[in-house]
Structures are given as C-alpha cells and as structure tokens.
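Chemist: First the structure, then my questions, so here it is.
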Amino acid sequence: MTSSSYTDIDTLAINTIRTLAVDTTAHAKSGHPGAPMGLAPAAHVLFSRIMKFNPAHPKWLNRDRFILSNGHACVLQYIMCHLLGYKLTIEDLKQFRQVGSKTPGHPETHNPDLNIETGAGPLGQGIASAVGLAIGKAHSAAVYNKPGFDLFSNYTFCFLGDGCLQEGVSSEACSLAGHLKLSNLIAVWDNNKITIDGATSMSFDEDVEKRFEAYGWNIVRVANGDTDLDGIEKGFREAMSCTDKPTLINLKTTIGYGSELQGTHSVHGSPLKPEDCVHVKKLFGFDPTKTFQVPPEVYAYYKERVAIASSAEEEYKKMYASYKQSYPDLSNQLERILSRKFPEGWEKHLPVYKPGDKAVATRKLSEIVLDALCPVLPELVGGSADLTPSNLTRWEGAADFQPPSSKLGTYAGRYIRYGIREHGMAGIMNGLAVYGPIIPYGGTFLNFVSYAAGAVRMAALNNSRVIYVATHDSIGLGEDGPTHQPIETFAHFRAMPNINCWRPADGNETSAAYYSALTSDSTPSILALTRQNLPQLENSTIENALKGGYVMLENKEADITLVGTGSEVSLCIDTVKTLETEYNLKARVVSLPCWEVFEQQPESYRLSVIPDGIPAMSVEVWATNGWRRYVHEAFGMHTFGDSGPAPKLYEKFHFTTSGVAQRAKKTVDAYKDIPYIRSPVRRAF
C-alpha cells in the first residue's frame, strides 16, 4: 500500500472549509453551499501543495492565477482567502452577500487585497478569461523571458462546472485554447452531474472528454474528488507536466458532500436547513452548537503552507534584479507598462487631419491609427473574430500569435486570430486585460458585438481596459442587409454603466477615440466605425473630440441645433444650407461622438454645446433610445434596415438633406410658441 503525504490535519482543513461553507451561506440565508463542499478537497490540495502565491502581495507578477468560473461557488474562494491569510476576516464571511461587503454573491475584482483575478458570474465567462490569462502568460514569456530568466512561468488554474461547459462561450474559448496549445492552462471540471434543475442527464449527456480531446486538450481523470487527496495532487502534477496542450482535469465530486442532501440539486443553490447543518458538523467532528469554527491547528497548517508557496516571490525578486542588469531595455519597458504609463510623446503619433483631406471610412482611419501606435506601444495586442480584412485591425508589420509548432507565427506575435468566436474573443480579452503587460483590442462588426454582450458587460463590471473595434456600424454597410445592420445595438451599450461608446465622424475624432480608449484606465471602450467614406470636417480636432461633444458649426442666430454622431455629422452640416434655402432657417451643428465622455464635462460646457433658447434635434441612423437627455426631438431608425447600396438605403429611410431638413422644420414649428426653451442638458439629477 502506497503511503500518503496527507494526514489528519489535511482532512481537518478540508472539513473546516466544508463547515465554513455551510455556516457562511446559512448565516446569509442565501448562497450556494453544494459546490464549495464538493470542491473543498481540490481547493485544499491546489492552494496547499500546488500553486505559488503570496497573500501579503496578492498581485506579484509571476503568481499562479486562479479563476473560479462557476462563480456561484465563490464562498469557497472567500473561505480560502481567509484561511490562507489574505485580508478577509471571519466577520467578512459573516457579511457574505450583504451590501458593501468584501464578499459579494459572485466574485468581483474591486478588492485588490484578495486573489480574485477577474470577476465571474455568468457561467462560462471565467474559463474564457482563464484562456486570456493563459495567452497573456504565453505572450509575455515569449517577449520577456531570456535564458536563465523565466520572468513569466506561471500557470492558470480554473475551476468550472457543468453549467460553464454548457455555455457557448466556453466552447469558443476552449476550442481556441486547444489550437493555441496553451499548456499553462489547467481547467478543473467539477463533474458532479448536477445543475439547478436537477441531474445533468436531463439536458447534458455529451462526452465532455472527447469534446475536449477534439479541441486539442490533454485529459486527466480523478475518479474520487471527495477524499482521494493523493489522486487529486497526482492529477494536478500530471497536468503540469504536459507541455504542448491545455489540460482538462475530470474531477468527479459529490455536490454538497456531507449533507443529508448530497448529490442532489437541493443542495446547489440554497443554504442547508438547520438540522442538516447540525448533521454536517457532527459528521465532520465539529461542535454542532457553534458556527464559523476554525481550529487553531488549521490556521497554523495553512500558515506553514503559505510560507512555502510565497517563497517563490523572494526567489523571483533576486532573479529580476539580475535580469534588470542584463536586460535594462526590456525591464524598463516592462516596468513602464506595468505602471500603466505610456512612452513620452506617444500621443504625437496619433494622425491629425485638416479639412479638405481625402474622405476616408472611419474603419480605415482606425487602421491608420493602429499602424501609427502599435509600433510604439508594445502592450497593444490585437485581433479580430475572422474579419481582419473588413475590420482592418491588423497593422502593417504585425506578427500573428500562434504556437511555434504551427509555423503560422510565434507566441511573441501580437495579433490573435480569434476565428468566428465573437463572444469567446471578448471573454478572452477580459483575461488579457488583467494579466499585466497587455492592452487588448478586438474587431468584429458592430452588430456582432451583441454576440459578445455578456463578456462586454463583465469588462465594464471588472473595470477592464478593453477596446472593441466595431466596424460596419449602420445601414451604411449596405448590401449585407438587416441581419448585419445594427439598429438597437448602441442603445444597449450606451445604457451599460462604465463603458465609453465612441462613434467618430472623421479622422481627428477617430484619433481622439483611440486616445480616450487607451487612457481610460478602468473603462472599456467600443469604437463604432463606418464602412463608407466620410469627409474630414471643418472644426474637428482631437482636443475638441476628447470632450465627448463640441460645436462643429456655430451660428449665434440659429433656430435649431442639429446634433449628430459618426456619418450623420457631415449630413447635418450639409443640411444647414438646405434649411436656409428651403425654409429660411438657420442651424448650428454639434458632433457628439461619445455621450459618456460628454457627461464628464462641467454643465456649463455642456450648455455651451447644447444651449437654452432653441430646440435641439438628433440625427443618427440607429434607434433613438436615450437621446432625450440631449435633444428635444430625435430622428433615427424605428425599423430594421434593408439590403441595397448604402446611398439608396439612406434615401429610403430619409437620411438625406431634405429628410433631415423637413424634420428640423417640424421641430422648430413645434417649439416656436414656447417662450423659454430649456436645454435638455439641464436636469434635476
């Protein structure tokens, strides 16, 4: 019989995790005790024997990363944070799922003192982010590692459940991970065969192992994840020994292990009943009359294990000091990027345009920006969801990020071929954004950012600097028709907190959009870009556009303010002459490329742009939702588009000088008898 390195103290520690999961959810009268009870052995082995980390410095560079994709099991992560010595107390556990606590109902990134790399909640988002973290490591290692200096050698460990595997985003991300041969990625499948509805057999009976083998993953099996600690450790070690594939560990567990309801969906998403709490504590040798019990020897044991895990940081510091002497340029570059600073004068590389310059589509103007910035910002890592020739996201001289064995590129490459995987791309970029030395951007059609909305929302919630290059932004894309023409898309994202939604009207505004996106340290940005050519406008400057809105054409005697974005700004300018010749009306024109940035300006400035005294009317070939905060009347789209040449579509939907002028005339007439027209910018709150 083989002797085990695990003893009674390990069993006690695991059962402490389980009883804390019971008490934390019971105290909150809310939460998911089942998965934490089932995964307690795997978490114990991972953090006590496998991972390198340091609770005293949670963000040290070469730490192993842990992602809890089945985020409803977050009480497990909070308990481990407490036991391992992160800044999370028993009182914090007692505040689980309470307003303003360190322990919300799903993992969030707002507390840098914990080991939460990125938020997780909607199932599948965590594993997609884990793929991004793994790409981040592979790329950073290829760029910065040198013989004898493994600056980046960490693993990414991801716990995920049956629900994550059923979500489409996990398929997209894991398929790409297999293609990219991300051997530093280890996913642990909590194979307990239970979801909220009941047994997975009701809806999910595919062969997951064969599916992942088809993706190009290595498969490791652990038959008893409930008690076989040696088997669990062996599984991790075997996964770490694989050097050419990511690994899926098929860990068979019992949900709610120790509960009278173990192995059933009843223990998934509700606290245990009081009598069951007593049962669990008696079963594991704890006093059933007490709560939140942690034996002193368990604290002592984890302190000892943490000392071993954190020793890697001290060795790393010594290595980095030598690296800095040997490779000063690379170390200076890395330190600059990690400090979230840009090279001096980088903004001078932004293209600047003057009126009369050639009319160019803003997607092409975006490409010109990338051509200018990517050579001077090595932290920019781009890609596209198989629309590179349309999105124009690959800068001149770019090299692809590919496994070296593919002969298609190297891990040092900075352009990722995401394939037709919009949601996967966005989820992966969330991981890239938090790895460290990377600012990710990814391209697709604006309409298909809707496919990625779940991951975009997580970027906003996580305060991640991610850039979505969203081309073909309206009916102006033409013949592909309404399946590809966004109508309601931007209204959705404009309604989302903490995301900047840019729709530039010309070259200077496009440069401004990129400047804003890059310098918005904790906010993602969407850049909506045209397929059709747009003129370079008279009063457009980068400085003006960086205010989010500004006066493009002033007239102190104006009867109306026309407010446009993107391709409709030039239409508004052209309409001014039509209004004067046909209706004897004078108009001023405002460009409003980014509502969110405009909102950050003082009210006095916003009132100078959209003043009192005359009505304001918006012109935008999208749904009009949200415009009432800036204008009195909104001209937009109220149906889907159509298939045909872009000019014909603009005619059909009346986005012409005559169509805009007619509506402007009606707006002026509607407000002419109102003695004082108040700007919509003036709001009570």
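From the backbone N, Cα and C atoms, a Cβ is placed for every residue, glycine too.
Below are the features I grabbed from Swiss-Prot:
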type     : residues                                            : note
ACT_SITE : E422                                                : active site, proton donor
BINDING  : H32, H268, R363, S390, H472, D480, R531             : substrate binding site
BINDING  : H72, G121, P122, L123, G163, N192, H268, E422, F448 : thiamine diphosphate binding site
BINDING  : D162, N192, I194                                    : Mg(2+) binding site
SITE     : H32                                                 : site 'Important for catalytic activity'
SITE     : H268                                                : site 'Important for catalytic activity'
Chemist: Count, for each of the binding-site residues H32, H72, R363, R531, the other C-beta atoms lying within 10 angstroms of its own C-beta, and report the residue with the smallest count.
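Modeler: Checked H32, H72, R363, R531; of these binding-site residues, fewest Cβ neighbours within 10 Å: R531.
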Chemist: Can you give me the Cα-Cα distance between H268 (substrate binding site) and D162 (Mg(2+) binding site) in Å, rounded to a whole number?
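Modeler: So the alpha carbons of H268 (substrate binding site) and D162 (Mg(2+) binding site) sit roughly 12 Å from each other.
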Chemist: If I take the alpha carbons of E422 (active site, proton donor) and F448 (thiamine diphosphate binding site), what is the distance between them in whole Å?
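Modeler: Cα to Cα, E422 (active site, proton donor) and F448 (thiamine diphosphate binding site) are separated by 7 Å.
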Chemist: Given D162 (Mg(2+) binding site) and H472 (substrate binding site), what distance in Å do their CA atoms have, once rounded to a whole number?
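Modeler: Given the Cα positions, D162 (Mg(2+) binding site) is 36 Å from H472 (substrate binding site).
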Chemist: Restricting the comparison to the binding-site residues H72, N192, I194, which residue's C-alpha is spatially nearest the C-alpha of S390 (substrate binding site)?
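Modeler: With Cα distances computed to S390 (substrate binding site), the winner among H72, N192, I194 is H72.
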Chemist: Excluding D162, N192, I194, please set out which residues of the same chain place their CB within 8 Å of the center of the CB atoms of the Mg(2+) site, keeping sequence order.
Modeler: G161, D190, N191, K193, T195, T200, I255, H268
Chemist: If you measure every Cα to Cα pair among H72, G121, P122, L123, G163, N192, H268, E422, F448, the residues listed for thiamine diphosphate, what is the largest value in Å?
Modeler: 34
Chemist: Here the binding-site residues are H268, H472; which one has the lowest number of other Cβ atoms no more than 10 Å from its Cβ?
Modeler: H268
Chemist: Which of the binding-site residues P122, G163, H472, R531 has its Cα nearest to the Cα of N192 (Mg(2+) binding site)?
Modeler: G163
Chemist: What is the interatomic distance between the Cα atoms of F448 (thiamine diphosphate binding site) and R531 (substrate binding site), given in whole Å?
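Modeler: Computed Cα spacing between F448 (thiamine diphosphate binding site) and R531 (substrate binding site) is 15 Å.
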Chemist: I need the most crowded of these binding-site residues: P122, G163. Count other C-beta atoms within 10 angstroms of each C-beta and give me the top one.
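Modeler: Counting Cβ neighbours within 10 Å, the top one is G163.
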Chemist: Once the DSSP letters are reduced so that anything not helix or strand counts as coil, what is F448 (thiamine diphosphate binding site)?
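Modeler: The three-state answer is helix.
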Chemist: Check each residue in the chain of D480 (substrate binding site) that is at least six apart in sequence and keep those whose C-beta is under 8 Å from its C-beta; list them in sequence order.
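Modeler: The list for D480 (substrate binding site) reads H472, S643, given in order along the sequence.
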Chemist: Out of D162, E422, give me whichever of these recorded positions has the highest number of other Cβ atoms within 10 Å.
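Modeler: The most densely surrounded of these recorded positions is E422.
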Chemist: Please work out which residue of N192, S390 has the most C-beta neighbours within 10 angstroms of its C-beta, and give that one of the binding-site residues.
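Modeler: Within the set of binding-site residues, the most crowded position is N192.
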